């Protein structure tokens, strides 16, 4: 983007969005002394946005670029500011450099004897300012160093305390392989499973999937809970795939709020693996059948990292047929955090449409869920047609549209355009908050109407 703004100081609105612009922002932007609105979103601009700090902006959008560094404090005061989709540096901005007096380059000029006292006073004044600047600089640098040293000591103490009080400690995979077996101190009876080992994922007949296993339920009084069984018992597990794709006469469809709750909980699980765990963990096999649900529809992501232990040929065949893997994984076989984001977008599509990621029973153009749905995600009428019929229209149109916007970013073909899971979590949290506010407003209106009717009746 060349510097063409130096002579355009009277501009008030500049819109350069969706132009695939690259490079750093030109210095000439700082000469737009009258600009109020500036749109730079959805480009590939790099560097910092410090050049915009002193502009009189009231509306600024720099989302979905490649900006780095810190957001200037002047810009944070703008009422309409959008900065998502960039690689901002976290933490406080660095302090301004300490003041140092400029060096004196004056040459001594021959002077009369009677001016000697004044020249000596000038020299002492300059040297005193330089000394003061050096002292201030040393104090600032010393304070910064002391701050980081104290912070590091506190952090190390917290980690040491956590390690001492943590009953179980997780190890990286390369350390687990080298672990030696513990010496036997207690005799334990072990009953090996028949090969191949199986786990029942389908719910038993005539049990509603939305029913909790409380003390009052018939399931809780079964002999299984009271016997000292020595034989292996198959686990009864409910997954998102079960509730979406294995419907029967006893099943109850997931409500829209339950689907958003599942999406948000699963996103937080991936965010923990990607951005909290150290080192980061790539799931590699994120799909709806690996999201298990409890009686309150809280999601529990399973199978994290276990894909590394499956033979490559078998794993690739299974995943490609399921349609959950990102395009770059199919080409290179390499999994990254961005490929997990793509798989999460596929799960969101399943929650939206109720369809499988790949369904050979559909027409050829509709077999791949992502290819069929992606072109329609920004069309309101198309969204109404593709939404899961099991919802029977019981969903807010705005919530549906925002949900589609989030998943559209996740299933981008190019991995660099997919957002990190922390941004996905923030977007879903805002969606839930707006839904709750709308619900409270509707409940308040209903109660006020009821009070008015009672007064009229009286």
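Glycine residues also receive a Cβ, built from the backbone N, Cα and C atoms like all the rest.
Annotations in TrEMBL come from automatic prediction, not curation.
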Range annotated as region 'Disordered' - as stated in TrEMBL, picked from 36-80, 81-125: 81-125
Annotated transmembrane segment segment (source TrEMBL; candidates 126-150, 151-175): 126-150
DSSP-derived helix, strand and coil totals, residue by residue, for the compositional bias 'Polar residues' (81-90): 0 helix, 4 strand, 6 coil
